[in-house]
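This report refers to the structure that appears directly beneath it.
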Amino acid sequence: MVQTSTNKINHFESANKVLYEGKDSKNPLAFKYYNPEEVVGGKTMKDQLRFSVAYWHTFTADGTDPFGAATMQRSWDRYDGMDLAKARVEAAFQLFETLNVPFFAFHDRDIAPEGSTLQETNKNLDVIVTMIKEYMQTSNVKLLWNTANMFTNPRFVHGAATSCNADVFAYAAAQVKKGLETAKELGAENYVFWGGREGYETLLNTNLQLELDNLARFMHMAVDYATEIGYTGQFLIEPKPKEPTTHQYDTDAATTISFLRQYGLDKYFKLNLEANHATLAGHTFEHELRVARVQGLLGSVDANQGDPLLGWDTDEFPTDLYSTTLAMYEILQNGGLGSGGLNFDAKVRRGSFEQDDLLYAHVAGMDAFARGLKVAHKLVEDRVFENVINERYSSFKEGIGLEIVEGKANFHTLEQYAFKNPNIANKSGRQERLKSILNQYILEV
C-alpha cells in the first residue's frame, strides 16, 4: 500500500455526495437535469455522457494569468513536491466520488513533479501511478485518457515531435513511451496527442515538410510501441489552430483529418474535439463535430466553451444550452463516442477561487450537457432536422439529380439538361423557422 504523508484529510468535507433532485430544486449542489440512471435513447445518462474530470484545471491550476499571481485556495496546496502530488490524488478521488463521475483524464506532469533527470521523473510518476491504481481499484472511476505534457518545460521551446532539435525528439519519444506504459497500467480507454507546441511562428526559419514528416514518424512510432506492449486503447489527436504557436499543424478537424490520411494514420487515430478550440478556429463546435462524424473519426470531446469576444483559450465550463444541445445531437447521430467521453477541459474563473467553486462548476456543466442530451434525443426522435434536410435535397433522389449521384451524368448531358430547363426555381431554406423550432424544443422538452 502506498502511504501518503498528508495524514489523509477530507478535502471536500463540507459537501455531501451530489444527487439528482430535479429541475425544481434550489440546492446549488444538486443536479437539476443529470440523473445518471435515467434512460435516454436506450442508454442511461451516465453511459450516454461519460463525464470526465480534467486533472490539470481542477487540481493543479492556481489562477495565475499573464497579469496577476495565483488566487486559488486549495487545501492540498499546503504541501509541496511528492507530498503535494499525493494530496492531489486524495483530493481528486474525493471529488470524483462527490460528483459521481465515472472518468478522469491527466497529463503526466499533472500528477507527478519532474525530477532532475528523466529517470527520476519516471520514478516519481511510478509512485503516483501506483497510488492512483489503488484508488481506482476501490472506486468505480476509470481513466478516460492520459497524455504527455510536451509544452511546459523549456526543452520544448521549438516543439516536441516537430522540434528542430533531434535530442528533443528523442526525449519526447521517451516521454510518450512512458505515457503509453502508464495508459496500459491504468487501463486508459484512450491515449491523446495534443501538439501544444507542434507548429511554427514564422516560415523564415521553418522546414515545414520535415516537421510534418517527423510528426507522422513520431505518431507511427507510438502506434508501433502500443502494439508491442499490448496497449489497445484508442489513439486520439486534438486539433487547435493557434496558441501557443501562431500556426498549429492540427488547426481544425478538416486539417487534422487530412494529415492523418496523408500519412496513413487515420486507421489508428480519431479526433478529440474541444469546443473552445473550435471557437479559436472560427468554427462552431457542432461544425467540428459534424466534420469528424461524417468522416467516421469522431472519438471524444473536451467539453468547455470559449468567449467569442476574446482571442484566447478561456476554457470556461459549458453552460450554453444551444451548444450542448447541438453537440449532443451530433454525438447521438454518431451512435455515441465509443471509448470516448465528455471531459471537462474547463477551469473555474480566476475570481471563483474557493474550493467549493469546483463543485458548482462541474454541476453546472453536467446539467447543461444532460439537458442538451434530452433535447437532442427528442430532436433526433422527431426527425426535426432530418425531414427538412431530406426535403431540401430531394432533387437528387430522382431525375437528373439521381443521375448525378449515381455517376451517370457528365458535362455533356448536364449541358443538354440545362438548355431544356431554363427556368430554375429554388425554395427557401427556412433558417429562421428552424431556429424558432430549436428554441421551442430547448424550452419545452
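Positions of Cβ are set from backbone N, Cα and C atoms, glycine also.
The shown structure was predicted, so the numbers you read here are calculated from the model rather than taken from an experiment.
With E238, E274, D345 listed by Swiss-Prot as binding Mg(2+) 1, the candidate from D302, D307, D313 annotated for that site turns out to be D302. Other residues of the chain with a Cβ within 8 Å of the Cβ centroid of E238, E274, D302, D345, the Mg(2+) 1 site, are W194, N272, L273, A275, N276, H277, V301, A303, N304, N343. On a Cα basis, H277 (Mg(2+) 2 binding site) lies 11 Å away from D345 (Mg(2+) 1 binding site).
For the pair H107 (active site) and E238 (Mg(2+) 1 binding site), the Cα-Cα distance reads 14 Å. When secondary structure is read from DSSP and collapsed to three states, E238 (Mg(2+) 1 binding site) falls in the coil class.
Sitting within 8 Å of the Cβ centre of E274, H277, D313, D315, and not among those site residues for Mg(2+) 2, are the Cβ atoms of K240, A275, N276, T279, L280, D302, N304, G306, T314, D345.
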